[in-house]
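A.B. asks: Have a look at this one.
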Ligand code: CP
Ligand code: NVA
């Protein structure tokens, strides 16, 4: 049974919507769901979302997030409803009106859009509707669930470990830093000016840090990766920033994760990337394809992390 001390959450717009016990619980539940997956329709959670509808609205492209959420909903016995981008969130009618319509038909909505603030406005307008952030310009919390699950599987208890994030202080970096702080993981972030983590994110991570977890910002990638357990990077040009791609290639050139950089980390240190990756830019093909690369494990774990999340939001009495 679920831990009775956990409160039921309406939304998951940010890792910060969880308290540390909820994050721990989500990761444990994800590991259990992963182990149970081979049971198929015999899995104890196969009908947990029976009769529930979950809308999916993507204003930006997606492979992993869209596919894993659709499979997650189906494997829990729910019904995914693919909303088309011509909903034109925030343009065709007020955001709050879209939310209040959807609240009458579906139990939850998974949304990938540009603005975190728009997502907050959407969630606030519909008190009965569960809203999940499938990536905004500011945060990518579902990615961080999969990243932490992957780290736990590969290196065991995470408390006191150190990971480095090299590159743009973006949505993926933000959610990773939030989760790591709550799990007691030290994080080194190496980014060029002015692409460092927003100051507010540094403050948030400090506020939620457990077990002495420290966040340190660097401008030099070599300094940041020295002795770490895992090196993480992401694209230099996120969706919506395509006009800046040439500039960003120049600014981030010294932040490529290559064999030379990986050699400075702890022997056997993992390489991580949320994908899609750009070989020859943020990572070399050699590192991407190397034995320490866990990128497809991260991709697989998107499914298990999101199944756990959906259970916690929609069926909290089902689970561990
Ligand atoms: N990592 C990730 O979110 O992938 P997609 O953009 O393909 O969903
Ligand atoms: N930072 C990237 C992540 C893609 C999954 C982007 O926002 O495009």
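Note: Cβ is positioned from N, Cα and C throughout, glycine not excepted.
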A.B. asks: Going by TrEMBL, 112, 140, 141, 142, 143, 274, 275 bind carbamoyl phosphate; tell me which of 74, 214, 216, 302 is listed for that site too.
C.D. replies: 302
A.B. asks: Same L-ornithine site as 234, 238, 239 according to TrEMBL: which of 171, 258, 301?
C.D. replies: 171
A.B. asks: Please report the Cα separation of residue 275 (carbamoyl phosphate binding site) and residue 171 (L-ornithine binding site) in Å, rounded to an integer.
C.D. replies: 13
A.B. asks: Should any of the binding-site residues 171, 234, 238, 239 have a Cα within 10 Å of the Cα of residue 274 (carbamoyl phosphate binding site), which are they?
C.D. replies: 234
A.B. asks: In the same chain, which residues outside the set 171, 234, 238, 239 have their CB within 8 A of the centroid of the CB atoms that define the L-ornithine site?
C.D. replies: 135, 137, 140, 168, 170, 172, 235, 241
A.B. asks: Which three-state DSSP class does residue 112 (carbamoyl phosphate binding site) fall into?
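C.D. replies: DSSP assigns residue 112 (carbamoyl phosphate binding site) to strand.
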A.B. asks: Output: those binding-site residues from 142, 171, 274, 275 whose CB lies less than 6 Å from an atom of ligand 1, in sequence order; none if no residue fits.
C.D. replies: 274, 275
A.B. asks: If you draw a 10 Å sphere on the Cβ of residue 302 (carbamoyl phosphate binding site), how many other Cβ atoms land inside?
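C.D. replies: By my count, 26.
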